[in-house]
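The structure under discussion appears below in the form of structure tokens.
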Amino acid sequence: MRRKIVVGNWKMNKTVAESTELASAVVAALGSDCSACEAGIAPTYPALDSVGRTIKGSEVLLVAQNCHYEDDGAFTGEVSTGMLNALGCSYVIIGHSERRQYFGETDATVNLRIKKVLAAGMKAILCVGETLEERESGAFEAVVSTQVTGGLQGVVDISDIVIAYEPVWAIGTGRTASSEQAQEVHKIIRNKVAELYGAPAADAVRIQYGGSVKPSNAAELFAMPDIDGGLIGGAALKAEDFAAIVKAAC
């Protein structure tokens, strides 16, 4: 039985003070109810230290939204895995659709980041997903399979990798893939992992759904056989909503 994982991606929201307050509210709202699954929050870089201190001692994990694939150097505006590790991050989100869309990340640069995260002793959340055009043209299976293959190129052991399926057309739009649509793609992803790493690895890998998950639809989505939790955007900015989603996974 795969242990479900729910991560709140706060994106570019909340000041440090607001982030600290929200983190405290999340811990309080969850109480000890998330022990059956993993729950994490991904604040902005400036808030990582403060949020990390706030959630210390709780079961809530600290997650980073991105990283660079070099250890250090002349890379203005970037943050290394060593810096994130020192702050206590357990996971790093890699290849989010917004990073691919707005900042030109490719499967190749995603792959470099995945390897760097694993080498630093953290776990990676590999994001994959199709656009509306790719969905409507029927290319979504090929697109997602290519992203999985490219992101994991040269990665021998995927035990520290979570895959997040995020239909780009359902992120921040209020639209949600039906539970059946989401399950279909999650199964495609699991089959691709089986092709690359074998059935035992495919059975063990956790695949999150990330596309406008809300308290009202979380339980139905998480009941699907190949959906192992969620990567939560907007709903993660309200402690009670996020806690309700986590509890739906537990």
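The backbone N, Cα and C atoms fix where each Cβ goes, glycine too.
Since we're looking at a predicted model, the values are computed, not measured.
Here is what Swiss-Prot says about this protein:
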BINDING   N9, W10, K11, G172, S212, G233, G234  substrate binding site
ACT_SITE  H96  active site, electrophile
ACT_SITE  E166  active site, proton acceptor
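All features noted in Swiss-Prot, drawn onto the structure.
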residue : record                       : DSSP (3 states)
N9      : substrate binding site       : strand
H96     : active site, electrophile    : coil
E166    : active site, proton acceptor : coil
S212    : substrate binding site       : coil
G233    : substrate binding site       : coil
Candidate recorded positions W10, K11, H96, G234, pick with smallest Cα gap to the residue listed as 'active site, proton acceptor'
H96
Which whole-number value in Å describes the distance between the Cα atoms of N9 (substrate binding site) and H96 (active site, electrophile)?
10
For the binding-site residues listed here (N9, S212), which one has the lowest count of neighbouring CB atoms within 10 Å of its own CB?
S212
H96 (active site, electrophile) has how many other Cβ neighbours within 10 Å of its own Cβ?
27
Protein Cβ atoms within 10 Å of G234 (substrate binding site), excluding its own:
18
If I take the alpha carbons of K11 (substrate binding site) and H96 (active site, electrophile), what is the distance between them in whole Å?
10
